[in-house]
Amino acid sequence: MKKSKSILSLLLAVILIVGLGFTVITGIGKSKSGAMKNIKLGLDLAGGVSITYQVKDKNPTKEEMSDTIYKLQKRVEQYSTEASVYQEGNDRINIEIPGVTDANKILDELGKPGSLSFQTADGETVLTGTDVKSASAKTGQDNMGNKEYSVELNLTKSGTSKFATATKENIGKQIAIIYDGETISSPVVRSEITGGQAYITGDFTYEEADNLASTIRIGGLKLQLEELRSNVVGAQLGEQALNTSLKAGIIGLILVFLFMIFVYRLPGLASSLALVIYTEIVLVILNAFDVTLTLPGIAGIILSIGMAVDANVIIFARVREEMARGRSVKVSLKSGFQKAMSAIVDGNVTTLIAAAVLWFKGSGTVKGFAQTLAIGIVVSMFTALVITRMIVFAFYGIGIRKESLYYHKMKERKPINFLGKKKVFFSISIAMILAGFVVMGVHSAQGNGALAYSLDFKGGTSMNVKFDKDYSIDEIDKEIVPVVEKVTGDHNIQTQKVSGTKQVVIKTVTLSLSEREKVNKALEDNFGVKESDITAENISSTISNEMRQDAVIAVIVATIFMLLYIWFRFKDVRFATSAVLALLHDVLVVLAFYAVSRISVGGTFIACMLTIVGYSINATIVIFDRIREELPLMKRNTDLSELVNKCITQTLTRSIYTSLTTFIMVAVLFIMGVSSIREFAAPLMVGIVCGGYSSVCVTGALWYVMKTKVGKKAQPKKKKK
């Protein structure tokens, strides 16, 4: 690369860092597109209410569902302009209202049927919603032949009689149509209407006529809604979760920068600059494409930063190997990027598969995690393969060519006999998995459940309450539990103290809205707790059963797709099978950790497991990629076990470093995050360590056993004496 071109490349990198940084801070244009402060926050960060309703009536029509959604939209608009109401499946409606404070009042209002009335000028009600049989927008022509839009009303027999009397007495006067206390139209009566059919005309657009017709219809809507799930998050708690998670991300990023520069020197600096650009691009995308950022979504970004480092580690490990063979810095850099390409692409594609499955099978917050993880993976591939390459070659091009800045000589590591210890490694893995099953069996026999299922998987009501006092476990049992028992009548209340805070998690059977309001009142009267300091979640058994099924299906589907992809890429089913067995190993070990630690198994459990699956397969692919590369070069008198040991040893440093950098990001999140993030980060840390262990100690050994025992034996030729 010419010096002038290298200077331009570095200048471009600086422009990207400064330009994207400016965009993240201030945004672009009048809409401030790309600004971090304008990123749409989920309810768990902004605070607010989310609720899922199911229609009690069987097989509701499309019009009934559409009208119900419209009714709920009209209701929520008074609380927030950013509220959203959308249909899920054939008979469910989701509502999300961010930034509200009086959550229980809102839940109570949403559950009420709409109130529609036709009133005369003196306030007399002449019709109600039940008197209207149907209402629809119509297109016709006025006296001049121009297109005219109107609303056609068809009344019931009782409504026809009442409306005939009212219109006869109010010719030339207005009859107001009022919905939920708001006047939506005030047409003037032109003549007596006796046939049960009336038209409302005016200067309407078709959309306005259709909305008016829909509002009139919902006044008499008979569909009944059943609450399946609700979640109430205080704005203060959401802000605390956001601030601590952002701090964790920044600290983790700085630690990774320092590690990369210390270990890889100048290439490490190049990758750190690329990671700054990576972080800025992700933040701009979140705002520009109106992606809703949730708490698990932040975890997804932080995790993807660790995986972005992984790509750089793979590249620089290859560069080091080339330089150790005596090649020049320039040749080593080119060869390193080229040889690392396949492992990086394969590893990230498999993780994208996990993210895609999470998106299709997960709930709202899990989808948020999948979305940010997928964005992070795609951007990380771009920054690693394009931006890092551009910067590191620019450094070289401007004259920074001293070999010690790119590589410090290390004593060549002799191949470690991993396969010779395969029985030991297999025994350790089996022991950990069996220990998990034993613990699950003991807990199940004691009636506590094999795993500590959260509301997501068993249904019920959970309240996270912030008290003014730091209660001990004994004080919680003696003072708080009896108050809740008295209100709910539930004598199997579970409590959990959130370490390092004054928060207590209280879990009960599923409570109705009125029961939840009574609990809030009792906590306020007895302990001075404000409603804004209570985060409540309510899940029915219907939802919890579906989430359990989705969890199993998600892991199975993701595993099958990964198996097929590895089979396709490596052209050998033994690579795919051994990789999937290693994935199963990691999932079972982490499951054992869930059983022993009694960490709640809920919605984020699916995200955690599939992330571990994606991360583990990423680590495994690096080793398989090296074996695939070395197999054609294997000498006739070389034993296959020697080659496998050599490949594992060659990639050992990479396995340790990538596990360490990703672990750092998640560990900081665990230390600084709120309780829900800690429950996600703890098993993830175990999964990262387990994934690193299985990729080094288990996967290669499994492939070797299948290659020599299941497939064709690879016997070395005996040396001639």
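Note that Cβ sites are derived from N, Cα and C of the backbone, with glycine treated the same way.
Those TrEMBL annotations? Automatic predictions, nothing curated.
Worth saying up front: this structure is predicted, and the values here are computed from it rather than measured.
The annotation domain 'Protein translocase subunit SecDF P1' is assigned in TrEMBL to 66-122. Taken from TrEMBL, the feature domain 'SecDF P1 head subdomain' applies to 123-222. TrEMBL lists 224-393, 522-708 with the feature domain 'Protein export membrane protein SecD/SecF C-terminal'. The transmembrane segment annotation in TrEMBL covers 246-264, 271-289, 295-319, 340-360, 372-400, 424-445, 551-568, 575-596, 602-624, 656-674, 680-705.
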Model confidence over the domain 'Protein translocase subunit SecDF P1' (66-122), averaged pLDDT: 76
Touch test for the transmembrane segment (424-445) and the transmembrane segment (656-674), at least 3 Cβ pairs under 8 Å: no
Beyond the flanks of the transmembrane segment (271-289) by 6 or more, those residues with Cβ under 8 Å of it: 13, 16-17, 20-21, 23-24, 27, 33-36, 38-40, 253, 256-257, 260-261, 264, 301, 304-305, 308-309, 312, 316, 372, 375-376, 379-380, 382-384, 387-388, 391
Proximity verdict for the transmembrane segment (656-674) and the transmembrane segment (295-319), three or more C-beta pairs under 8 Å: yes
Sequence-remote partners of the transmembrane segment (295-319) [C-beta within less than 8 Å, at least six residues beyond its ends]: 42, 44-45, 241-242, 245-246, 248-249, 252-253, 256, 260, 264, 267-268, 271, 274-275, 278-279, 282, 332-333, 335-337, 339-340, 343-344, 347-348, 351, 365-366, 368-373, 375-377, 379-381, 383-385, 388, 406-407, 604, 607, 611, 615, 618, 622, 651, 653-654, 657-658, 661-666, 669, 673-674, 676-677, 680-681, 684
Helix-strand-coil residue split for the domain 'SecDF P1 head subdomain' (123-222), DSSP-based: 30 helix, 38 strand, 32 coil
